[in-house]
Amino acid sequence: MFQDRLIIFDTTLRDGEQSPGATLNADEKVEIARQLARLGVDVIEAGFAYASPGDFEAVERVARTVGTEDGPVICSLARAIRSDIQAAAEAIRPAARGRIHTFISTSDIHLEHQLRKSRAEVLAIAAEMVAFAKGFVDDVEFSPMDAGRSAPEYLYRVLEAAIAAGATTVNIPDTVGYLTPAEFGGLIRGITQNVRGIERAVISVHCHNDLGLAVANSLAAIENGARQIECTVNGIGERAGNCSLEEIVMALHVRRQFFNPIFGRPADSTVPLSTIDTRQIYKSSRLVSHLTGMLVQPNKAIVGANAFAHESGIHQDGVLKNRLTYEIMDAETVGVNENRIVLGKHSGRNAFRTRLVELGYELGDADLNRAFLRFKELADKKKTVSDWDIEAVISDEIRLIPEAYRLEQVQVSCGEPGLPTATVRLTGPDGVERVDAAVGTGPVDAVYKAINRLIELPNELIEFSVQSVTAGIDAMGEVTIRVRQDGRTFSGHAANTDIIVASARAYLNALNKLHFALAHPTHSGGALAHPDAAAQKL
């Protein structure tokens, strides 16, 4: 099936959430889905409906909230098993346009050691389950898992059977990120040349980044006939991650003259090669990073803090004279507004609200009031408040779960010599204020021990990191942490000019998520109802 543009299939909420420690609750998934819709993705893979009640709820809520007539296609993953497919069909039912994505392994190593089935059995199952899914929706995607290590001739026959049974998209996963661009491009070319009926389906690819080749392999696939790319925001995902949405989109945007002829267009065509609103890329990256607790490395292409920074004097001189000397894209193209309008302590609510709208944030009255109070507090501490600061405040104040425990006060005493001591005052779910103190190896350790004495939620702190929001001695610091309890991970995030305060708030943010998960196990995902399902991943 020929397409003159690329279909962007976003799997941040499914494969991306499989990143270690990237657990999201249903509210957070809906918030990300809303932003993905604003970003302009064609398909949102909202989850694996059969895996757990929490996954089912998240897929259903995304379908109901974002799956409008003019919104993206909402998809659920399903093994090639009737119960999986039925759950997927039920979960995506509220969407105006739904898709079932079913899969089964086709590599000999998977058939022998995981499925314990013959090639003939797997081929028959693939055809039967695609036909079964077709009974629920017209839009059915089929994936031969571990296609990259499957025997080509057998892979061709399985794809033929899936297309004959009604698959409208056939997705080729490099499940373990093993192939090189030349090999993967050759695999896609072989499919276009040897699979009967391939013209009736869209060829999709799903590349993992184990060797750092996910984007390169995806581009090679496009050159050889693929017209859908499965990707995630910030490239998050299982193990080393997936193909990065922002990198694949901007590669096509910046190198449009190279890719236009591949899509059957004149080389000088200025029509975008995807439906993505690139100005939403940076905001999408920040939101996913904030909600998953997965920091973006500074040198990450497109969205890293250093992506548009120049340290070399020669480079700086060239950029000052003409940005094109050392930059191949404009930062504003991806939503990084370099004309950072500065607000101060005399700026009023209307100016603050107006700037939020210009930055792409639309807050309700309650969120706006909290954010404005934080802004005024910050403006009293800093001479000027930049857009970077405002974005950090917004990320901090938009709460998708109830704030059961609220920080009222934190004081620390430390120095050399001396024993770091912290006093913490909290308000609990019952509205009662509690105070306690503790000593630790450092001020943050003392604060966390004091909080643990006040909140009896056993957990293991597995990650703590601090990043500067802006330059300067009065810069805000962003603290991101992760805690683990019973195999589940919860992230916390906070920003403040005082790192100790930010650390306390980040820890409470994570503990509030943990508290909410224990009180609402279905809403937050809870234990997997079908762990065998979640164990199989593209």
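Backbone N, Cα and C define each Cβ position, glycine as well.
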Of ASN242, ASN260, ASN299, ASN306, the one that Swiss-Prot places in the same Mn(2+) site as ASP15, HIS206, HIS208 is ASN242
For Mn(2+), residues beyond ASP15, HIS206, HIS208, ASN242 with C-beta within 8 angstroms of the site's Cβ centre include exactly THR11, PRO173, CYS207, ASN209, ALA214, GLU230, CYS231, THR232, GLY237, GLU238, GLY241, CYS243, LEU538
Sparsest Cβ environment (other Cβ within 10 Å) among binding-site residues HIS206, HIS208 belongs to HIS208
Out of ASP15, ASN242, the listed binding-site residues, fewest other Cβ atoms within 10 Å surround the Cβ of ASP15
In three-state DSSP terms, ASP15 (Mn(2+) binding site) is classed as coil
